[in-house]
Amino acid sequence: MPFGAVLAQVGGLGRFQVLQTALLVVPILLMASHNLLQNFTAAVPPHRCRGNMGPSNGTLGPIGATLGWSNGTLGSPDATLGSCRRYVASSPTNGSTGPRATEPCRDGWDYDRSVYVATIVTEWDLVCSYRQLRQMAQSIYMAGVLVGALVLGGLSDRFGRKAMLMWSYLQLGVMGTCTAFAPNYASYCVFRFAGGMALSGFGLSIACLVVEWIPTPYRTITVAITGFAYTMGQILLAAVAYAVPHWRWLQLTVSLPFFVFLLYSWWLAESARWLVLSGKAERAVKVLQRVARLNKRKEEGEKITVEVLKSNMKEELAGLKSSYTVTDLVRTPVIRHIFFCLSIIWFSTSFSYYALAMDLQNFGVSIYLIQVIFGAVDFPAKVVVTISMSYIGRRVSLMAPLFLAGLVIIANIFLQTVRTALAVIGKGCLSASFNCVFLYTTELYPTPIRQTGLGFGSTMARVGGIVAPLVKMMDEYYPFLPPAVYGVAPVVAAVVAGFLPETLNAPLPDTIEEVESRLGVGDEGRDGQTDGRTEGAKRKKTEDPKEKIPLQPQDKAPQKEA
């Protein structure tokens, strides 16, 4: 690709790419903290009705079997007495020895604060008849992430990756801080919704900035590093939540660092690829010359001019429209095919992922321990998928973990004794799938609609995150149904992934026309003949060597790049 040659001229992988990637990776550590924060800020401790409870041994548990007791999940019908109902104060009027009358908790609840000092559940009594509000808060947050993917993803393609990244940092820092001081449940949900929007915005901008500045041979390992940062964030969340047991201080702890990220984000460079295709070649030249200086290639950078840049990218600029909209995702046959396949994959992966990741209290072990285990399993999973993506290809690397995840989740129906182990395996496979689909999506969509396409993929993921808790509610009527649905979804996604084109060693496309001609679906559909450019692309791809994972920067930058 012409832009690949320009990028190689200023240093394909040098000091600039290393520094920019490192600064973009740090905020990803706290992305997991916000996505999974409600496991701790909305944890349900053991509780009982406040008021007349009859004989007690001084703890929150009743003496012997006088009263039923909640296991914290509010799931079993025989655990409602004591946690959601209490004995009436008066004795039976007929003098019989029959069961005493009970009534709902009218004076609030007492909570066991030995593990959770304060959560939104204890502060606003989100238990018993109000327990649905706890799940609703998470769904509202996911709805915010969904809206952010729709709105900020499109704005990023229009105003730039860096601009949306900085705005998202500011919005998340402000909204996260406001959440920590929320006076009531309604305002808490509003602030969480706005914070979810911002998180989606900076996640998408980081993905595009990383991919659009990194040469093809290093792209897989770079995206893998961002995935490992998210994994480290999950483990970090367990440590921070254990050290900060009060939900307001925990919320503040994971929100204030975004003001620091905002301050240093001024140093980051806008995507030169996006600048050229947005008609801002002058700015692109300045950015490329700055990159060349940082990479100690000042002389090569000074040779780049607006005329040279436009000349090298004249084919891309000739086929460029003045503006792009979401309709471009379904306007042409190849992009439409990619769009529908990726939508199913994003939805199914997220749907099953959050079904496991947001159910930590039901595994029967310490919530902090299971959070660490769920985070640690991502390391081997992502190492395996990174190697697989580099040597086998993206498509197979996506299909295999999705299919395995579906099988182990379905197996949970029949193998309850190893439920936690199977859940850990499934979580690892789904994390690996997320790593792969992020890279796959950025490689399939062309530059003008890459952020929009990634945004819609993220949108479908958030829809999956919203729907997952709703399916969980069905276990009160059909206990086997939720795990069956959670397991079938990734299996279907694995089948759908088989219909996507392979992108191993393929350069990043810069125009929609390039995608259409490279894959040739549109030409074949019109006249049954494969376009010559398609055959050339296929021959070129066949001749490419397998993508390597270099451990150290090479002296010579590659001449071909995404």
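Any Cβ shown, glycine's included, is placed from N, Cα and C.
Range annotated as transmembrane segment by TrEMBL, chosen from 20-40, 167-187, 272-292: 167-187. Counting same-chain residues at least six beyond the ends of the transmembrane segment (136-155), those with a Cβ under 8 angstroms from any Cβ of the stretch are 38, 42, 120, 164, 167-168, 185, 188-189, 192-201, 204-205, 326, 354, 358, 451-452, 454-456, 458-459, 461-463, 465-466, 469-470. Within its own chain, the transmembrane segment (363-384) is flanked in space by residues 32, 36, 39-40, 43, 224, 227-228, 230-235, 237-238, 241-242, 356-357, 401, 419-420, 423-425, 427-429, 431-432, 435, which lie at least six positions past its ends and keep a Cβ under 8 Å from the stretch. The transmembrane segment (249-269) makes no contact with the transmembrane segment (338-357), as judged by fewer than three Cβ pairs under 8 Å among residues 6 or more apart in sequence.
Model confidence over the domain 'Major facilitator superfamily (MFS) profile' (27-505) is summarised by a mean pLDDT of 79.
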